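The structure appears right after this line, and notes come after that.
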Amino acid sequence: MAADGTLDLDKLMDEVGHFGKFQGLFYLLLSFSIFYSAIAGLSYVFTTANVKHRCRIAECDAEKAIYQPEWLSNAVPYEDGKPSSCEKYLSRRSSSSADKTSCLPGTFDNSSKVKCSDWVFDTEEWTIANEWNFTSCFETQWRLTIVGTVNNIGQFVGFPLAGYFSDRVGRKTTLLVSIVVTCLLGVLRSTAWCYEAFLFFEFVVAGFSGGIYNSGFILGMEQVGSSARVIGGAVISCFYSIGMVLLAAVAMWVKNWRILQAIYLPGLLCFVYYWILPESVRWLQSQGRTTEVKTIMLRAARINGVKLSEQDFSKFEIPPVEGKTEEDNPVQKRSTSDAFKRVFKSKILVGRLINCAFCFITNSFVYIGLSLSSVSIGGDKYTNFMLVALVEIPAYAVTPFFSDRFGRRRSLCVSLLIAGVICIAFAFIPDDYDTAQLILFLPGKFAITIAFTVVYVFTAELFPTELRHSMLSTCSMVGRVGSIIAPQTPLLAEIYKPLPFYLFGGISVASGLLMLLIPETLDQKLPDTVEEAENLGKRQNK
């Protein structure tokens, strides 16, 4: 067999095992990097969290004022049992008065309210809000919400770059560079000396972290057999949820945004991936590096307890087809730009790409929106965030069953419709019904998690090997439009409180119905060429 011969990887996976001990160890290594995808993508939930605050009363507060002194109700109006964050009563005396401890009811005019110009923050936690004097008042709240948008703009830029380098230099190399640089910059962010520097670090950390999840996901998908793709995708997604739980647990423990950046230090150990993590066999074959494919598959067979020798590879050869051109050969090396041109000449694949991209926008908008909203409903915000993360794990557990039993398309459609209906129903629950809100909130996150899991697998199965990561990264990049908008929903709530949940619900229903236009990929061979990708629906309809 020639060194650059072609192997039937699907049959080879059947022989070696779709998900054995080798793949299990491989996924265990991937888990550590995926944790940091969640941490880098959502740490702004806690670093920019609103800290309890109220107006500084110059006539009464000492230089080191406490958040809730005994006289506070005389000077500040209360809303739902809490002191107002943005208004105070008009004072009847001069702020230069010597008495800073006695603020009797007659000191203030309870019929007149004025806006704050300075604030006193609770000292229980330390975020950029109290460090740089940002509040939940509309005038400064945007400085907090914009951080989440900057984070997702960074990922928006990082995704296509990661996809390009992944298809050019390999999945493993892209993952390794992404995780190490992300963690290094994450640690350096603790030194941010001003708000603008913090925003810069937020952008570059998010930009490099854009290569972690997609590179790891594609790497995992291409290292298992067809029967284990959905299970593999669910396992990787569980790692993301565990990363969210770890983030909330550490944030609850330290409650200081600068110290929280130390969570990135262990991630620097991922440089050892260079020696211990194998490259994707499908990517290696697409580059004509069959010798390396053999080495990895021999190692996989040995760890999985399967007898496989160098001579056995001859039965997995794909015989050359007489008269077949380079365009038709799935494993001949050709430029990524040529393949891109061929995709955009195909009306079928362009339509499929647009539909998948809109589905990513929907999933990102609703998933991130619900994650952010979890810290603002009743109860402890750290516990709520962990519960919302933990509910994803059973969703990932049942996703393979639904996806393999009912198909990718139907599972995606139904889960989006359920999430949409729940979000619309949530908008009608009064604010003081905390338990009812949480009971309805968790199934909504459960449903959108199923949808987000399936759409990754579904999209990866719809496009050819040579551009699989680029197409998935393109969809993820466009999907960041939803994530970019989602952090601004607290500002939309100032206009009309239920509006964010109406938006979550409406876009979910629309996207779920549009998914019916995409062909099913269940039990289909992964397409290696543009022609095979185009024929997915045609083969299904025959």
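For all residues, glycine too, the Cβ spot is worked out from N, Cα and C.
As the structure is a computational prediction, the values presented were derived from the model and not from experiment.
Going by TrEMBL, these are the annotated features:
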type     : residues : note
TRANSMEM : 25-46    : transmembrane segment
TRANSMEM : 174-192  : transmembrane segment
TRANSMEM : 198-219  : transmembrane segment
TRANSMEM : 231-253  : transmembrane segment
TRANSMEM : 259-277  : transmembrane segment
TRANSMEM : 349-370  : transmembrane segment
TRANSMEM : 382-399  : transmembrane segment
TRANSMEM : 411-429  : transmembrane segment
TRANSMEM : 435-458  : transmembrane segment
TRANSMEM : 499-518  : transmembrane segment
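In this chain, the transmembrane segment (435-458) does not touch the transmembrane segment (174-192); fewer than three CB pairs sit within less than 8 A of each other, excluding pairs fewer than 6 residues apart.
Against the transmembrane segment (198-219), stretch 25-46 shows more Cβ pairs under 8 Å than any other of 25-46, 231-253, 259-277, 411-429, 435-458. With pairs at least 6 apart in sequence, the transmembrane segment (499-518) and the transmembrane segment (231-253) have fewer than 3 Cβ pairs within the 8 Å limit; the two do not touch. With a cut-off of 8 Å between Cβ atoms, the residues of this chain six or more beyond the transmembrane segment (435-458) that come close are 217, 221, 229-230, 233-234, 237, 356, 359-360, 362-363, 366-367, 370-371, 373-374, 377-379, 384, 387-388, 391-392, 394-396, 398-399, 402-403, 408-409, 411-412, 415-416, 418-419, 422-423, 425-426, 429, 472, 508, 512, 518, 521. The stretch from 25-46, 259-277, 349-370, 411-429 that makes the most Cβ contacts under 8 Å with the transmembrane segment (499-518) is 411-429. In this chain, the transmembrane segment (349-370) lies close to the transmembrane segment (411-429): three or more C-beta pairs between them fall below 8 angstroms, excluding pairs fewer than 6 positions apart.
Counting only same-chain residues 6+ beyond the ends of the transmembrane segment (411-429), those with a CB under 8 A from a CB of the stretch are 359, 362-363, 366, 370, 399, 402-403, 436-437, 440-441, 443-444, 447-448, 450-451, 454-455, 458, 498, 501-502, 504-509, 511-513, 515-516.
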